[in-house]
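Here is what TrEMBL records for this protein:
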{"type": "TRANSMEM", "residues": "336-355", "note": "transmembrane segment"}
{"type": "TRANSMEM", "residues": "362-382", "note": "transmembrane segment"}
{"type": "TRANSMEM", "residues": "440-460", "note": "transmembrane segment"}
{"type": "TRANSMEM", "residues": "472-495", "note": "transmembrane segment"}
{"type": "TRANSMEM", "residues": "526-543", "note": "transmembrane segment"}
{"type": "TRANSMEM", "residues": "863-882", "note": "transmembrane segment"}
{"type": "TRANSMEM", "residues": "888-908", "note": "transmembrane segment"}
{"type": "TRANSMEM", "residues": "915-940", "note": "transmembrane segment"}
{"type": "TRANSMEM", "residues": "960-980", "note": "transmembrane segment"}
{"type": "TRANSMEM", "residues": "992-1015", "note": "transmembrane segment"}
Amino acid sequence: MERLLTLSLRYRFFTLVALLLVIASGVWSLTNLTIDAVPDLTPVQVQILTRSPALGPIEVEQFITFPIETALNGIPGLQEVRSVSRYGLSAVTAIFEEHLDLYFVRQLVNERLALATERIPAVYGRPMIGPLSTGLGEVYQFTLRGEGHSPMFLRTLLEWDIGRRIRTVPGVVEVNIWGGETKQFQVVVDPSKLLAFNLTLQTVFEALEQNNALAGGGYIEHERELYLIKGEALASTLADLEQIVVSHGPGGVPIFVRDIGEVKEGAALRIGAATRMGEGETVIGMVQMLAGANAQQVVERVKERIQEIQATLPPGVLIEPYYDRTLFVSKVINTVTNNLLEGGLLVIAILFSFLGDVRAGLIVALAIPLSMLMAFTGMYHAGISGNLMSLGAIDFGLLVDGSVVMIDNILRKLGNVTGQSKEDKLATIQSAAREVLRPIVFAVGIIIVVYLPILSLVGLEGKMFRPMAMTVIFALAASLLFAVGGVPVLAYWFARARPNHEETWLIQHARRLYQPWLDLSLNRPAWVVIPGIVLFALSLVIGSRLGIEFVPRLEEGDMAIQVWRLPSVSMTESVQTALEVERALRKFPEVVQVVTRTGSPEVATDVMGIELSDVFVVLKPQDQWTTATSKEALIDAFKSVVLEAVPGVGLSFTQPIEMRFNELIAGTRSDLAIKIFGEDLEVLRHQGDLVARSLEQVPGAADVKVEQVTGVPRIRVIVDRDQIGRYGLTAKDVLTIIETARVGQTVGTVFQGQRRFDLIVRLSDNASAGPVALGNLLIPTPHGELVPLSRVATISVDEGPAQVSRQDIQRRLVVEANIRGRDLGSFVTEAQQTIREHVTLPQGYYLEWGGQFKHLEEASRRLAVVVPITLLLIIAILSVIFGTIRPAFLIFLNVPLALSGGIFALWIRGLPLSISAVIGCVALFGIAVLNGVVLVSRIQRLETGGLPTRDAVAQGAMDRLRPVLMTALVASLGFLPMAVATSMGAEVQRPLATVVIGGLITSTALTLFIIPALYGTVCRSNKQPALPHQSHTSTTST
């Protein structure tokens, strides 16, 4: 650092150029910095999706999910495998260690999928890797509405026109589709006509496959030109398909497809639907952003593209957005920006008030923008986005620390000499800067050291809080570089001497108030020490009663409601229920728009059954609410009205991003997840019900829900092997009839321009209307007979699984709950006790507590190890500074008393202890230690100068009154806007700011009264110098 100081003063012009380059680099980094509301907490994960419309949950698990899970085992860095098997769908999620590259792990998974695909019968589907997006990649959602247009038309338009054009936008990886009807060309065969013509389904399959094809014949050269040879027999219309010959009857009369059934444009069996405002079904487009892209930029490009697309759509078709992440991001970033701006202005006001010099104040104030710009450069190169968390712990008071020390000492030295030449002025500045160089480096170093424990966090909590610590460290390091390399140069050009170093009236008045209380603390140490001990003891009692939570709930402004019904519900009934819920909600004046997604989308990244719906409720700003004044009261009102309109449904209230966070944390959408592991689904369901009933007894439990794994009615057709052997049939002959009856057999593709649609053969609806109709299906035998299905199979109706969830190769069931009006820690403690008393799991079954609580525990365990190590490191640094342990121990007393003030502040404001509050404690430790160093170092220097200990303490305390007060004021006022803000996003910053402000009050009192009172006792034998040239070890001047 001394070399930096020397070079900057020697090459002053180049220093100025370097500052301009820093500004340019910072501005460029800021304009290219990824901006978001919150950090993306998505782990390094790969999702494998497989569609198999003919299989139920158990079969999907056996034939698809299990082979994929087995193939994934052993991949280096694999941490966890979660899966869901539902009717027609398998979704496997592989989660990897966070240091691995996402593209690399996708390649590893792709290689293993090649092995898994060999074990999965081709007719059951082909596994595909999900989009290269993240859990927060759903940045823009819209509905497609068109009066007079069918759901099939709208979905086809979205899938083949709108979606394809949006996918070309840089940063967009997928446009997922919910709702509508997937268009198919269907040959609906009438079994009675097959019987009349003595045909089999296999004959129909072969005829369609062989008559809907093309061939290439290479090329020929003719008359000096090349001609391609192309044979075409592709069907592109219904008429083309109707004219395909299936077979020939007596006399060679052709039997056409139209003779054995109906050819039509039909809809595939669907597993998802969408509705809007209770007006009917709609089609939803969900834009998914590429992992690592800038959400602001991507959404702006998407909006521009949608404007272009809208102008080309058929008349009456409208694209209507209902979710735009940039609106939420803008509100949150405005909160952060306003807090930083207001805090910066307060800090600058304090600087001018205490320094009493406009030029010096402006030089010091430059530390704020320059440090921030350098921090932006560091953030950009470290891949840290600008968001509520990464910018939420920056205190401008800390950034001006070193600069204040530097400018104050320079002005003092310049004021002691008159009539200086430029050379003398330069030498004086260099001497003054060297004098405080080491104290400044140690001061900023201590603050940086206290943030090191946060860098040790891993997993989800690491993704959330590490960027915050790194940003603060970048800013502090930048402020140190400016204080050492920039302030002396700017002082040379712009600073002027202050004769006699006059103090402002504010400092003079503070000294008059401080003097009698200082004398009291020196004369009667017990009068200040005992209250300090009592205060600390009380804080321990209060701290033990504070609630605990992972992070404060971020109010997003909008609401997400999950609606669940019985697993046996039909798609038609689910849609009707969704419409009724929407009609009930839109009656509220607070509601702007309601859109519901039922079941799963086309690319099933969000796996839900048709019994589940996500209702997105767009709300007016809270100051325009009339039904309720708080979110909790509005939820109660919503719940009451919805349950009255739609009795029998279950409701779970959350927020869009919060819902995705919870799903990323534990694979569920609620605050708390209790996972029960075991083999038998019925046993899991029974134990889940017991856990849920116990959980409902705990105060604060809301929206308790048991994952529905059973309860789906099914028609089972069990092949009778004796009977099929008697008729010369195979099991495949029977199963083909069953599959064709409803799902149909894909026998080709129909092209219409660039659009392509499946060509399906299935039986008429009457043929599969129920168990009796299925039993009457006729199966041709090799002997020319037609045998009813009921003769070669047993047909029964029973209840089967709705889904099978697995984690790390074991089946599991989840009991979910949201927590309202209570902190997470105390709720889980009581819930664990209640469940232990009321639930005894069978042998081989066990449960785990997941959700936010799991990450709270992991973060707490890690911090419980790392923070004490860091505190010991601080003591070691203090011992190095002072050359002995005694003053280090005295200064370290600042830490518990500072913590006391932070705990009292949380208690007074009714805030629980969260990881955000712990981060505030970490910041507080550094400032508290720094203030102790300020005072003790001055006392030791005075002792070294020959003053008796009593006089050195008294004079040192008076000398260091200004830097101690300035440090406390600029640090606390820098956080004040965060502590009192009520705008969107303020909830997350509030605990951190509250802890710092409250802790600085008690810490400052300790520094100014208790340290002087105890110094004579603790450091009586210590006569060593503090530090060479250490006239300042402050954050703010002598």
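We count from 1, first residue shown onward.
Each Cβ is built from the backbone N, Cα and C atoms, and glycine gets one as well.
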Kindly say whether the transmembrane segment (888-908) and the transmembrane segment (992-1015) touch, using the definition of 3 or more Cβ pairs under 8 Å where each pair is 6 or more positions apart.
yes
With Cβ-Cβ distances below 8 Å as the criterion, list the same-chain residues six or more beyond the ends of the transmembrane segment (440-460) that contact it, or say none.
1, 41, 43, 98, 398, 401-402, 405-406, 466, 468-470, 472-473, 476-477, 479-480, 483-484, 664-665, 855, 858-859, 862-863, 866-867, 869-870, 873-874, 877, 881, 919, 922-923, 925-927, 929-930, 933, 1032-1035
Using a threshold of three or more Cβ pairs below 8 Å, and leaving out pairs closer than 6 in sequence, do the transmembrane segment (472-495) and the transmembrane segment (960-980) count as in contact?
no
Could you name the stretch, out of 336-355, 362-382, 472-495, 526-543, 915-940, with the greatest number of CB pairs under 8 A to the transmembrane segment (863-882)?
915-940
Stretch in 362-382, 526-543, 992-1015 most in contact with the transmembrane segment (472-495), if contact is a CB pair under 8 A:
362-382
Cβ contacts under 8 Å made by the transmembrane segment (362-382) with residues that lie 6+ beyond its boundaries:
19, 22-23, 25-27, 29-30, 32-33, 344, 347-348, 351, 355, 390, 394, 396, 399-400, 402-404, 407, 467, 470-471, 474-479, 481-483, 486-487, 490-491, 494-495
Quick test of the contact rule: Cβ under 8 Å, at least six residues beyond the ends. What residues does that give for the transmembrane segment (336-355)?
361, 364-365, 368, 387-388, 391-392, 394-397, 400, 404, 407-408, 504, 506-507, 962, 965-966, 969-970, 973-978, 981, 983, 985-986, 989, 1036-1037
